[in-house]
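Have a look at the structure below before the remarks.
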Amino acid sequence: MFKLLSFANAPAIVRANQKDSYFESRLHNQLLDVVKAIKGSHFVHKYPEELRTLATALYLCLTTLVGSKTLGEEYVDLVYVSRDGRKIPKFASRFGFVVAYVLFPYAVRQLLQKLKAQQSRLAQLVSGVSYMNVMDLLNLHLALFYFTGKYYQFAKRLFGLRYAFGYRVDKNQQRARGNYELLGLLIIFQTVFKNVANLRKLWGATKTVQDSGDLIYRFRDQTSDVIDLADPKVLPYLPEASRTCMLCLSPMKDPSCGECGHVFCWKCVLDWVKERQECPLCRAKMRESQLLPLR
C-alpha cells in the first residue's frame, strides 16, 4: 500500500483505545458469566487473571489477528499500517503483536509472583526491582507516545504496527494533539521525582549503616588494649571450648557477639556482616549496629 493515508494522532488513538477497553470489558464480563455457569463461581474466583487474559486474547484474535478492525478502530476509523506507512502489516506482525501484548505481561506477572513467594532475600529484591523498572519503562513509553503519537502499546512498537486515518484529513486536524504533550511532561516529571525520592531513601538507609559502623570503629579505636583470648586470664568466664572463633579458627581477639549470642572475633564478624547480614552459625539477622564487644 502506498503512503496515501495520514498517520493518526494521539487523541484519535486514545479514543480508539478507550472504546476497545470498554468492549473488551463487556466481553470479559460475558465470558465470566459463561464460565461461571459451566465451572461454577469457585473456578472464576480461582483464575481471575487467566480469564481476563483469555478475554483479551479472544478480542484481539477475532479482530486484529484476522485482519479486521477492532470496535474502537471502527469508531475512530483507524487502520494499521507499517512503520513507513506504505504497507499493511503482515500476518506475522499481527500475530507477534497479539502474543506479546497478551501473553508477555501475564508471564511477567506470574514470574514476579513466584519470586515474591520465595522467601530468599535475592528473590524479593529481584521481584521488587523488576516491578519498579517495568512500570517506569511503561510510563516513559506512554510519555513518548504523548509526544509523538506513535505506538500506544510497547508491543506495537516492537512489531511496527502504526495507526493511520482511514480517510483524508486536513493538516490542522492532523497536527491537533490537545494537551497530550503536557501529559507526557507530567509523566516524565512524576517518574523522575519518584526515582529521586527512592534514591534518597536508599542513600539514607546506607548512610545509617555506615554511621553505625563508624561509631563502632571509633569505639574500638578508643580502646587501647586488644582483648586476646589466647591468654586464659582474659575473660576467664568464657569456657575453653567457646574461646575459639569459628570464622578464623583461632583464639578470639576482641570477642564480639550479636543478638543471637554467638561470639566471634571483632574483625572476623564485622567483615562477615558487611557481606551477609546474618549470623555465620544460626543465620539469625545480624547488623553492624547490633554487634556488642565483650568485656
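A Cβ is built for glycine as well, from the same backbone N, Cα and C atoms used for every other residue.
Topology check against Swiss-Prot: G72 and K253 carry distinct topological domain names and occupy opposite sides of the membrane. Cross-referencing 41-62, 151-172, 217-238, 261-282 with Swiss-Prot places the feature transmembrane segment at 41-62.
Same-chain residues lying 6 or more positions outside the transmembrane segment (41-62) and placing a CB less than 8 Å from one of its CB atoms are 20, 23-24, 27-28, 31-32, 35, 68, 70, 98, 101-103, 106, 109.
For the binding-site residues C248, C260, C265, C268, C279, counting C-beta atoms within 10 A of each C-beta gives the highest total at C265. C245 (Zn(2+) 1 binding site) and C279 (Zn(2+) 2 binding site) are 13 Å apart (CA-CA, integer value).
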